[in-house]
């Protein structure tokens, strides 16, 4: 037995082949490497092997010695003649965003429909995995296999036409691999892109007519790719592809079920279905015969690398452009912060510390002048504590999720794993939310920490739950499989009330019992009058300006995330995403520090809320970009689908607001304490 632990990293896509070939090697002691001419590639391959061995040694010392695979499921070996069961998943459409169960259409059914057990993330995604009548024999090709025969009526005809109009796709699964349709790329020779699932049908015209007709894909030509073990003669499935056809099947004599001999395709005469056949029209009282072929092809792709064809990005240059664009913003802000910290602040602190006479002290201007008010608790300080605590919870959830994703533990091979992990991590991060909220609350001289903990436990989750419940009711009204069942809804409520709320209170208790954070300077009893501000220091203006740069650092990567979610494409470039996430943190911190310094220099000491809103305003630009994406990239026409899109993007923007706002707040909090602890206050 061997340990097969692929360490997936998309940080540097240019060396993925070296990394993944090292990872997928059997045995581990002699990894196969593709030839690389550059020394950099060799170094990267060495790094990949190092990461591999670290993972293997850690697993050996921490777990019993048995073969397993991370992430995903354990590999399964098939011998010639072994049964391969194809499962069906939901019907999906990028035009409606409403998934439906496979058997919501009158398609071929097995004798008994058996539901597979889905995890929490799969249910929330609308996955409904069931068995199907498509059954193969390993490495035994089949031609023109009849699945079933059906006669359309008005109801079924209408259902098929609606799904074809909305461009619904059929999704299937074999050995945990999704069914894909290979589509040749026009811009590159010998290169293909993979579309998840095949369309239910298509619309077209007969030659010489202008009437639009609906045609159904009733013949499927499957290709199962396998990697053969030369020693045992067993094989592992590494690819599952299909080419759909619309064929008006014909037969002679009486219908004999699966034994009927068709004239349009005949395994005995070796006549296969081609695209030149007469298509099967979808009309009332039409007979439709569903058939399939299956072909087996040997592949050099190893089982541990079988997802690479789905996950490798052909256009990774745009991601590097995104990172370079973001780094330019970071360098610009870093230069400003360095100038403020090393030159201006150093000069200010030296000048303030050298003021000796009372007359000189009375003539001081700038940020030192507000030292007696800068740490005065803000208005609505309890809500600031709640939002900061929620932001800490969100930040912790994203950071841990990102780390696990970069390490490869949240591969798309584990459907629903990413969403399940994010939900559970958010729940358990409630401990840190309560701690951060009450810790800040105690610094504001607050005493009723339980109220703060209660607000922290309910404010963000309750807001999201209300929006989610309304959207779920709309999905129920459309009879979509995307509607969350009652049992799953109960599980979500249990996670909230049974785990998250108690953890918030535990964290709140721990945070409040800690000694209060002491202010570097004493606060005056009477608040100082804030002078009239210039137009460019207007709070609304500076807040809106501050949100542009954090959004600018992430908006290119945001395009790919939205495409993954709403156009049903794989997103597995977490290495890029992690870099962008780090850049986002730095950008939020630096822009807030810069604007906070300018605000204090203008003798405005109300920085608490403004620091939060400065970075948090980037969420407004995110929502506006989501609206732009909706009208320029999506073809959604149904009102319900539009409401779903903007409802979910509202939730996402709200989460982005508390995340970036909290980062900005803590950066400004650290900055003000640093500069005021560096000057002598008489």
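Our numbering is plain: 1 for the first residue shown, then up by one each step along the chain.
Note that Cβ sites are derived from N, Cα and C of the backbone, with glycine treated the same way.
What TrEMBL says about a protein is an automatic prediction, not a curated fact.
Cross-referencing 297-319, 320-342 with TrEMBL places the feature transmembrane segment at 320-342. TrEMBL tags one of the stretches 345-368, 489-512 as transmembrane segment, and that stretch is 489-512. Contact count against the transmembrane segment (489-512) (Cβ pairs under 8 Å) is highest for 416-437, out of 416-437, 458-477, 643-671. Listed by sequence, the residues of this chain that lie at least six past the ends of the transmembrane segment (612-631) yet keep a Cβ under 8 A from its Cβ atoms are 384, 387-388, 542-544, 546-551, 555, 558-559, 562, 566, 588-589, 591-592, 595-596, 642, 645-646, 649-650, 652-654, 656-658, 660-665, 667. In this chain, the transmembrane segment (416-437) lies close to the transmembrane segment (384-410): three or more C-beta pairs between them fall below 8 angstroms, excluding pairs fewer than 6 positions apart. Same-chain residues lying 6 or more positions outside the transmembrane segment (458-477) and placing a CB less than 8 Å from one of its CB atoms are 98, 386-387, 390, 393-394, 483-484, 489, 492, 496, 500-501, 640, 643-644, 647-648, 650-651, 654-655, 658.
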